[in-house]
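One structure is given here, and the rest of the page talks about it.
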Amino acid sequence: MNHNLKEIYTYAMEWTKEAGENIRASFPKTLNVTSKSNPNDLVTDIDKGTEQYFIEKIKGKYPDHRIMGEEGYGDEVTGLSGVVWIIDPIDGTMNFVHQQRNFAISVGIYVDGEGMIGLIYDVVHDELYHCIKGNGVLLNDKPIPELKESRVSEAVIALNALWVAPNKRIDHQMFIPLVQDVRGTRSYGSAAMEMVYVATGRIDAYLSPRLAPWDIAAGIILIKELGGEATDLRGNELDLLKENSLFVSKPGLHSEILKHYLKDGKW
Ligand code: 2AM
Ligand code: CA
């Protein structure tokens, strides 16, 4: 199994970089943009083509592996037994469409429900963040140091401004004390990139009331591998078969925020 996992890791990196190359090659072309659940929920032919590319590669080499992909070309995954690839072909599609940057390919590989391989590829910068469980996280070939403890008063956190304005999903007042007490807030518009920023220590935490499994599957593997914490906003374990709230953070800071800022939250 171990040997096979290394092979899967090698292919996953190769295919992710190739998919990224194809995305970079698409930049001069006119995008075909449509919307999904609402007018701001965008998808392009590149999102779809990239997911199909992964499915062809994975099914060609590993016909028994299952694939959960955002665009729905994979399998109907209702359980996590065996090897399951959880793929977001472009995380941050709005950034992809508007900016041609600040988006990523996200690939999490789970074996019997356990996160074993995580890859997030910042396509524009050709930066692949990757790990196989137990071997640390690398940025291309360079190891990323373990995360150090942090505190609210010195923390820079990522949070979408949507959640501190009245909205349908959560009581927007919940985040106000935290936003006031941290050193700064940021919003990057790609959950995968925001998790990479937590993994690399560029920010200290990232919070979101609603994300899909493919937004978080790879990032939580990278963050946990570096000693960070990844739970929902109540501090509970994440369930990759449904949508979750998300709270990823450096150690120490996670329990401080849970205890003092999230304990009465209406999530
Ligand atoms: P996407 O670009 O793959 O759709 C933006 O704040 C982040 O939230 C992105 O990672 C984006 O992923 C994700 N996102 C956007 N709309 C979403 C939705 N309806 N449900 C879950 N996640 C969503
Ligand atoms: Ca996507």
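Note: Cβ is positioned from N, Cα and C throughout, glycine not excepted.
As annotated by TrEMBL, Mg(2+) 1 binding site applies to Glu70, Asp88, Asp91, Asp215. Under the DSSP three-state reduction, Asp215 (Mg(2+) 1 binding site) is assigned to helix.
Just so you know, the Cβ of Ile90 (Mg(2+) 2 binding site) picks up 28 other Cβ atoms within 10 Å once every protein chain is counted. Among the features that TrEMBL reports, Mg(2+) 2 binding site is placed at Ile90.
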When the Cβ positions of the binding-site residues Glu70, Asp88, Asp215 are compared with the atoms of ligand 2, which fall under 6 Å? Glu70, Asp88
Can you name the residues of this chain that are 6 or more positions from Glu70 (Mg(2+) 1 binding site) yet have a C-beta less than 8 Å from its C-beta? Asp47, Glu51, Ile87, Asp88, Pro89, Ala212, Trp214
Least Cβ-crowded entry, counting other Cβ within 10 Å, from the binding-site residues listed as Asp88, Asp91, Asp215: Asp215
To the nearest whole angstrom, what is the C-alpha distance linking Asp215 (Mg(2+) 1 binding site) and Ile90 (Mg(2+) 2 binding site)? 9
With an 8 Å cut-off on Cβ distance to the Glu70, Asp88, Asp91, Asp215 Cβ center, who else from the chain surrounds the Mg(2+) 1 site? Ile87, Pro89, Ile90, Ser106, Ala191, Ala192, Ala212, Trp214
